Every structure is written in structure tokens, then in C-alpha cells.
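Asker: Supplied in C-alpha cells, the structure appears directly below.
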Amino acid sequence: MRFIVLSVLALLALPAVPASAQSDRAIADRLPLFARNNCQPIRDPGNQLFCGDAALAAAAEKLSIAIEERLARLPDRLPAIEENAIWVRQRNLSCGIVGQTAIRPDQFETVKACLLKVTEERAAIVRDPDFDCLAANTAAGAVICADPSLTLAETELNGQVLGLIGKLDPTAARFAFAEYGRWTRERDRKCNLVGKENVPLQELESAEDCLADHLKRKTDEIRAAKGDPKKVFGRQVAARIPDADAVDFCAARIHAANSCGNFLRINRVYALDSQVTDQEAQVTGEIEMAVLAPFTVCSRIASICTGTCWDATTGRPQQGAGNKTRPADVFNVTRRLRVQRTFAFVKAADGWRCREDELAPVNSGTAGGGS
């Protein structure tokens with residue numbers, strides 16, 4: 001978890017654009033820890049200041065601790081990691097740092113004071129448990145946050161989920177966190193809340209009963225487990241029908257098995273088309289993901305977690321593009337990836353099982369947004 005936090009805080013780097021050596025030297029001379037902490041390779045001007053200034057470094061450490069404490073309160077941590085990555089980029093802009101443009105010497109004190117102020121304020125905000133609700137950037141989160149009874153029910157569920165996951169070994173816990181994330185995506189599809197982040201809250205009131213039912217059902221399920229996490233997590237190995245939930249189930253298992261959550265968050269899953277016989281099914285799904293930590297566009301992470309290599313110039317999938325991409329071509333934090341691929345399922349006694357050995361190549365995709 002600390003790896004993810006530090007990635008979010010320290011690796012939010014846009015494509016490197018060298019600043020003038022003279023400007024770099026002028027800034028370095030005003031950062032007491034610049035040489036000792038080897039800040040020169042850091043190309044993000046804001047992160048360079050955090051690296052080389054003691055007061056900023058201390059503020060960043062306090063914020064890092066607050067973020068870790070926040071993540072420890074949440075069963076589905078990836079949305080919080082993404083939200084923080086977005087804040088880091090906005091932090092730079094709010095303090096007058098644009099992309100990789102070097103900070104002018106005459107702006108140094110102003111920028112430093114701004115970074116210190118917003119970082120200290122952020123740490124105080126993140127420590128407040130109420131922020132977990134207020135920071136929710138989904139339609140379901142907005143509805144839950146606006147209703148005290150739903151907020152209380154979700155808080156109770158989250159506490160029970162974390163209690164169970166805490167009893168698991170690290171590998172089983174990773175799968176359990178991924179399963180909880182899938183629960184929330186299935187809930188949003190069932191309650192018809194996907195893609196409604198900008199819909200007025202009063203128009204979403206019809207989803208309150210659906211959300212309440214979901215929270216009650218999951219809470220009852222966990223209570224019935226009587227403290228045994230294996231009665232809650234890892235039990236489902238098949239989907240009820242070959243639909244979007246089945247695609248999500250398959251994608252979530254692949255991500256959990258390969259620790260993709262260190263780099264990517266599955267945001268949304270759609271079913272676009274399906275071909276179903278008595279014993280087999282093929283479902284073409286669309287999966288939207290957000291980048292949480294940088295990775296090379298044609299790497300093992302890209303191939304396994306997104307299903308393809310990518311062309312950094314066009315932002316399109318490109319199978320086997322390894323020798324056509326540069327090592328410096330990376331997906332940076334908050335980048336959005338969307339892929340379409342066909343998933344194979346076989347009918348079993350307990351439902352439709354995903355055949356990960358028969359995953360079709362990615363049909364199409366786009367990489368956009370973010371840095």
C-alpha cells in the first residue's frame with residue numbers, strides 16, 4: 001500500500017521536458033537537501049521542491065501518513081488513490097506550476113509557500129473520516145453521502161469488511177479487495193447509476209432503496225459468516241449469467257492475480273455483445289481503467305493488465321509493438337484507458353466460468369485524458 005501512496009505522491013510526472021540548466025541550478029542552490037537527496041533526476045518542478053526542501057519534505061511525509069491512514073479505512077482503496085493523484089496535479093496548477101515548466105527564481109518563495117500551505121491543508125482534510133464520503137466522485141457515492149442512514153450503513157459495512165480482510169494472508173487479501181471493488185461496480189450497474197456523476201442529486205433519489213438493499217444484503221452476508229472471511233470472499237468462482245457482471249468477474253480476477261491494482265483501477269465495465277449456446281458463451285465487453293502509477297506502454301503490466309501493448313503516439317492498442325516503442329513511453333498517473341475484448345465462458349453446475357486461457361486479443365481501445 002505504501003508503494004502506491006509514494007507512487008502517487010512522487011511519480012506524477014508528465015513526459016520529461018528539460019528546463020534550462022541555469023534555471024535548474026538557481027533552484028537547486030535554494031534547496032538545502034537537493035544534492036543529498038539526489039533531486040536532480042526529478043523532472044516535475046513541484047516534486048523537486050518537495051525533495052530538496054526540509055519543510056516541504058516534512059509536510060509531504062505528514063500527508064503520506066494521513067493518506068495511508070485514510071486507505072486503511074477503506075475496503076475499496078483504488079478510488080481514493082485516484083482521487084489523490086488528481087489532487088496532486090491540481091496542487092501544482094493551483095500553485096502556478098504548469099507541466100514541466102521550470103519555476104522562475106523570482107517565483108520560488110511564492111510557489112514554495114503555496115505548496116506548503118495546500119499540503120498542510122490537504123493532510124488535515126484527509127485525516128477527517130467524513131472526507132471519505134465527501135470525496136466520492138461517483139453517483140452512488142453522492143447519493144450515499146447525502147443520506148445519513150445510507151452513510152451509516154456503508155460505514156458499518158466497510159468496518160466489517162476490513163475486519164474480515166485483516167484476517168487473510170496478503171494474497172487472499174488482494175483478491176478480497178478486488179472482490180469488494182467488483183461488488184461496488186455491480187451495485188452501480190444494478191442501481192442504474194453508472195455514468196450519472198453529473199446528474200442532479202434529486203434525480204437520483206430513486207436509487208436510494210436499491211443502494212439500501214445492497215448495503216443490507218452485504219452486511220447480513222458478512223454477519224452470517226461469523227468472522228470467517230472464507231465464507232464471504234473467494235467463494236464465487238462463476239457468474240450467474242454471461243453479462244456485464246460476468247465480464248467484470250473475469251477482469252477483476254485477472255487484475256487481482258497479477259497485482260494490477262498497483263498500477264490500474266477498473267472504473268467501469270460494460271457488456272456490448274454476446275453469443276451464447278447451451279454450454280459456452282462469448283461476451284464482448286468494454287473495460288474502462290484509470291492509471292494509478294506509471295508503467296511502460298508496452299510492458300508486462302500493459303500486456304497482462306490491459307490486454308495489449310499500446311502505440312504512445314496514437315493512443316491505440318498495438319499488439320506486439322515492443323520493438324516499436326521507446327523505453328520512455330509511459331502511461332502517467334490519471335490517464336484513462338478503455339479496451340474492448342471478448343471473454344470466453346463455459347457453463348458449469350454453479351454458473352458461467354471464465355476461461356482465462358481463451359481470452360481473445362483486444363479488439364479496440366483508446367488511451368486519453370490524464371497526463
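A Cβ is built for glycine as well, from the same backbone N, Cα and C atoms used for every other residue.
Sequence annotations record features per position, and here TrEMBL assigns signal peptide to 1-21. If you look up TrEMBL, you'll see 135-221 marked as domain 'Lysozyme inhibitor LprI-like N-terminal'.
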Asker: Mean pLDDT for the domain 'Lysozyme inhibitor LprI-like N-terminal' (135-221), rounded to an integer?
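Answerer: Averaged over the domain 'Lysozyme inhibitor LprI-like N-terminal' (135-221), per-residue pLDDT gives 93.
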Asker: What does the DSSP secondary structure composition of the domain 'Lysozyme inhibitor LprI-like N-terminal' (135-221) look like, as residue counts for helix, strand and coil?
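Answerer: Summed over the domain 'Lysozyme inhibitor LprI-like N-terminal' (135-221), the classes give 68 helix, 0 strand, 19 coil.
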